[in-house]
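S.K.: So TrEMBL lists these for the protein:
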BINDING   H70, E91, H108  Fe cation binding site
BINDING   C76, C79, C116, C119  Zn(2+) binding site
Amino acid sequence: MRNTKARRDILGILEEYDYPLNAEQIYEKLNEDYDKSTIYRNLKNYESNGDIKSIVFSDKIKYFFKGKGHFHFIYCTECKKFERFDLCYSEQMSKYIKERLGFKVLTHTLYFEGICKECQKITEDGQYGHLNQ
Ligand SMILES: [Zn+2]
Ligand SMILES: [Zn+2]
């Protein structure tokens, strides 16, 4: 069934890449020529089923990702690239959540927004002038 195949393909892409992708990027990476509306609709379904998670950064684009466990991402607002890193949140934060908020944490996802090394270099040539302030 086509729906099953779409599901396998789309979730497969997200699994393969291991970092968040937006609908447009998923569309480009799919070998099969799916309708964009099919992709959007499917992503929406997977998200409400809890198969995938999503994030929206200040550029208002929604990014989807898949996987179990905890995630730590940093996002470059200039070139729109993600990096995943392994360092977890601090003992201090963990203690705060446990003692002050009284929560037992099951999972977490950390996102940072910033400007990557390469894009900071571009800054020196004045291309992203606002960074020089
Ligand atoms: Zn960048
Ligand atoms: Zn963590």
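Using the three backbone atoms N, Cα and C, a Cβ is placed for every residue, glycine included.
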S.K.: Spatially speaking, which of the binding-site residues C76, C79, C116, C119 is closest to H108 (Fe cation binding site)? Use C-alpha to C-alpha, please.
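M.R.: Nearest by Cα distance to H108 (Fe cation binding site): C76.
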S.K.: About how far apart, in whole Å, are the alpha carbons (Cα) of C79 (Zn(2+) binding site) and H70 (Fe cation binding site)?
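M.R.: Cα to Cα, C79 (Zn(2+) binding site) and H70 (Fe cation binding site) are separated by 24 Å.
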S.K.: Could you state the CA-to-CA distance between H70 (Fe cation binding site) and C116 (Zn(2+) binding site) to the nearest Å?
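M.R.: Checking the Cα atoms of H70 (Fe cation binding site) and C116 (Zn(2+) binding site) gives a distance of 22 Å.
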S.K.: Between C119 (Zn(2+) binding site) and E91 (Fe cation binding site), how many Å separate their Cα atoms?
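M.R.: Counting only the Cα atoms, the answer is 32 Å.
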S.K.: Going by DSSP, is C116 (Zn(2+) binding site) sitting in a helix, a strand, or coil?
M.R.: coil
S.K.: Which of the three DSSP states, helix, strand or coil, fits C76 (Zn(2+) binding site)?
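M.R.: Assignment for C76 (Zn(2+) binding site) reads strand.
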S.K.: To test your reading of the Fe cation site: which residues beyond H70, E91, H108, same chain only, put their Cβ within 8 Å of the Cβ centroid of those residues?
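M.R.: Neighbours found: C88, Y89, M93, S94, V105, L110.
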S.K.: Go through the binding-site residues H70, E91, C116, C119 and pull out the ones with a Cβ less than 6 angstroms from some atom of ligand 2.
M.R.: H70
S.K.: Listed binding-site residues: H70, C76, H108, C116. Which have a CB under 6 angstroms from an atom of ligand 1?
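M.R.: The qualifying binding-site residues are C76, C116.
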S.K.: Name them in sequence order: residues not among C76, C79, C116, C119 whose Cβ is within 8 Å of the mean position of the Cβ atoms defining the Zn(2+) site.
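M.R.: Neighbours within 8 Å of the Cβ centroid, excluding C76, C79, C116, C119: T77, E78, K80, K81, I115, K117, E118, Q120.
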